[in-house]
Amino acid sequence: MLRKHQIFSLASSSNPRRNLNVNSLKLFGFSALFTSTSTSTNPSASPDLSLTSELPDIPSWVSKQNTGTQPSGDDDFVIPSLATWIENHPKVRLVPTKKPEAPVEKLTKILKCPYLSPEIVVQALNASDLSVSDVSVDQLLKRFSNSWISAYGVFIWAKTQSGYTHTPELYNFMVDVLGKAKMFDLLLDLIEEMKQLKGYINLDTIFKVMRRLANARRFSEAIEVFRRIEELGVEKDVMALNGLLDALVKGDGVEHAFEAFVELKECIPLNSSTFNILVHGFCKARRLSDARKILNEMNEHGFRPCTVSFTCFIEAYCREKDFRNVDAILDEMKEKGCRPNAVTYTIIMHARGKAGEIGKALEVYEMMKKDSCLPDSAFYSSLIFILSKAGRLKDADEIFKDMVKQGVKPNALTYNTMISSACGHSLEEKALKLLKRMEEDSCKPDISTYAPLLKMCCRKKRMKVLNFLLSHMLNNDVSIDHTTYTLLVRGLCNSGKLEQACAFFEEMVLKGMIPKGSICTMLIEKLEKEDMIEAKQKIQDLVPNVKEPKITV
């Protein structure tokens, strides 16, 4: 039987974020500090549920301080042409309402509260009148995938219900959530549990574990997982090896990937992808001579370098804006009978555009057409990006329209590019209409869809629209991650919305996410400037290691 320390050697993998969370909560008892605060200019008016659907409640240690700030007309402003859509969009209600709540809304409200541990989450869910048959566990896990305590609590709660069994896919999803949160001790327990269930561990499970370990720079442990996968019931073949090498390369550990390759190449039959992964890794690390050596070894093993191989070199030279060598690689490809594909042309065009060479970028488009290479959605998205960046918004709009005429359906990347461009040029109505069209086209948004929209709303102080977007995210099962919390705190700070900034900051910390030092310092400086001394102290207590701002005279 495979022992835990033999799989990962993770005996000392306790997570500092859990300690921070627990200590902060025990010290101040934050569960009692949440109070609903209406920002309506009419104190007698009943609260607007659409406004309180998703913004975290203002903590009492912030709201009871008189900051001298008043809601502005921007807070409630909604562009008239979009008002009906925004008002009628389903809200995830987090305050009492006379209307019956859908089960998923009720559980979402419970899970939004801060918890010390997954066990307390289970207790809260057990206290509800709902069972696992009332909701989709998959949906709840997606909604809280960036809050491991809530997600793991849901996972445990559902598992204990009679007549219910998690699928292997949900176990794998939970493995990824815990790995992303660097909770490797709990991940280890889950792997042991899956092993006992027989047949629940598959190659996808192993990929997720190796990738998360490599991303955490635990390279030797990722390699150890591969060495022992047969004990977990997974075949040690070339697909598994390529998964390991890919994880190590993407975690910036190409040297470890090469060492694993040298160790294992004699006992596992290789394929061309094995070599291309290493070529990509060395090119990414700007070690082009080592990448060439891999090409030579590839030939020795009977595999010809292909379009993927040469595209790795093209990407490396594009990164350096060395377009002379890009052209040389293109010539070499043609000499060896390798036709550039849409990915190759997209990389070159994107690099030319970012370098400000719009004319050259469009020449790539013409070159692509001459080679009878059909553009895909990624190519169109890149073309839209470089035209927008150059201020040629009308041209970008024409490309967006033309791709549909050419039979290429816009995907999330295309919409994200268009939305980001509109937000960057403060075209609020256009950006929101694109989100609406995305919804109408049944194109599922992701976290990159919302980031520029949230940033724009913070900048313009559109608090009602900000609430709408946060609710829209939850309805699409998009979980707020560390980067988005940082964006919100920074944006609200810069807009003078310190109460809301503190609320998001606290929610971020209580979910086990450690804010960057620069964000902590920024918030503290703003609070000190507004003489919000108690709020400043609470922020410092939440993250004890934050430095005092420098006082300039």
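Including glycine, each Cβ sits where the backbone N, Cα and C put it.
Taken from TrEMBL, the feature domain 'PROP1-like PPR' covers 355-508.
Residues annotated as repeat 'PPR' in TrEMBL: 271-305 (among others). Here the repeat 'PPR' (271-305) has, by DSSP, the following mix of helix, strand and coil residues: 26 helix, 0 strand, 9 coil.
As annotated by TrEMBL, repeat 'PPR' applies to 306-340 (among others). The DSSP breakdown of the repeat 'PPR' (306-340) into helical (H, G, I), extended (E, B) and coil residues amounts to 26 helix, 0 strand, 9 coil.
Per-residue pLDDT, averaged along the repeat 'PPR' (341-375), amounts to 92 for this model. Here TrEMBL flags 341-375 (among others) as repeat 'PPR'.
The repeat 'PPR' annotation in TrEMBL covers 376-410 (among others).
As annotated by TrEMBL, repeat 'PPR' applies to 411-445 (among others).
Residues or ranges marked as repeat 'PPR' by TrEMBL: 481-515 (among others).
Counted with DSSP, the repeat 'PPR' (411-445) comes out as 26 helix, 0 strand, 9 coil.
Across the repeat 'PPR' (481-515), DSSP helix (H, G, I), strand (E, B) and coil residues number 26 helix, 0 strand, 9 coil.
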